[in-house]
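Taken verbatim from TrEMBL:
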type	residues	note
COMPBIAS	1-11	compositional bias 'Acidic residues'
REGION	1-31	region 'Disordered'
COMPBIAS	18-31	compositional bias 'Low complexity'
TRANSMEM	142-165	transmembrane segment
TRANSMEM	185-203	transmembrane segment
TRANSMEM	210-228	transmembrane segment
TRANSMEM	234-255	transmembrane segment
TRANSMEM	302-321	transmembrane segment
TRANSMEM	333-352	transmembrane segment
């Protein structure tokens, strides 16, 4: 059973108490993350690290654009370039770079569309952490990973067909189709990795995702050098390098989440020992410690997740439709324009992730403050029932102030980031002029 908030506990103890204190010696991530008003330093560190994490996918695509633009289309000696079906080393770099635009837009947009699952993961886990509800943490992770696997399988089966329907010239379409076909192989693991990343960030573990980003970047750079620059495989070599990097980094994230969930289950078993029949019947969906690592949610759990993630799905869909329309329109102006659009879109997505870092910080820290407010309101109601209203202390103002202070700090950090991006853009315009 999840540890409950005792009205007699002190604020410090309530904010920092572990949901698995009995298994604190475990090497797994089993403790409840920080709950309370974070300092500027904690917020800035979390946002900076999260920015590096969220920038992983755009960074991989940006590296692909650089490698294809500089190295694709070169004449590679036949002795150093083994024949690969569909590699097309004879295509010019402009054609392959133009093909990379719609291909990367489709691949990245498909993964970006599944961001609603990770947002639901963040919200559900943040509330479970605030309540110290270990059973809910276990159930949430199992269900969202099951949804992620199903969504990734959908992209694997139908993503290539969408690529074939894009209205492009035959050369560009052939190269784009090959890129998407290779990238789609890693789609199931990519969506599950996105969900795992959200879970680790909700647990305020930024080190593991940051390490995964570093590994992915290193593997992608080496892969682009080998497959594109040395072997001359063009866009398909870039797709192979990105897929290898994505599978390796997302595998690291999944392994860490598997270890973390195992720690939660150990803590749950120790806290519930020995479980009574009444407790077992009270558990929704059975004993959480017996739930598999990946499972599909029941109807009630699915409705709860969709209630959180449903609106965000349509927001993401609207953004993707806008980006796709721009890419299609850029193709009407010729290959050079489409190639330039491809590069600029990679740069745009690279810097746009700064806002995602601020959003992740709000979703991570705010639920704990709001839950503290609801607990104190209940305590205030109990006190009001036993004492006169005039003598009852107002226990909720402090939490309202903490929530407002957190939002003010996040807005201030976001304004600083916007000003920095503005100066970078102006500097870039001056260089271009």
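Glycine is treated like the rest: Cβ placed from N, Cα and C.
Worth saying up front: this structure is predicted, and the values here are computed from it rather than measured.
Distant neighbours of the transmembrane segment (185-203): 29, 33, 50, 53, 110-111, 114-115, 117-119, 121-122, 125-126, 129, 141, 144-145, 147-149, 151-153, 155-156, 159, 209, 212, 243, 246-247, 249-251, 253-254, 256-257, 260, 360, 363-364; these residues of the same chain sit at least 6 beyond its ends, with a Cβ under 8 Å from one of its Cβ atoms. Counting residues 6+ beyond its ends, the transmembrane segment (333-352) has Cβ neighbours under 8 Å at 55, 58-59, 61-62, 65, 69, 94-95, 97-98, 100-102, 104-105, 108, 169, 172, 323, 326-327, 421, 424 in the same chain. Within the same chain, residues 56-57, 60-61, 63-64, 67-68, 72-73, 84, 86-89, 91, 96, 99-100, 103, 175-176, 178-183, 185-186, 189-190, 192-194, 196-197, 200, 208-209, 211-213, 215-217, 219-220, 222-224, 226-228 sit at least 6 positions outside the transmembrane segment (234-255) and bring their C-beta atoms closer than 8 Å to a C-beta of that stretch.
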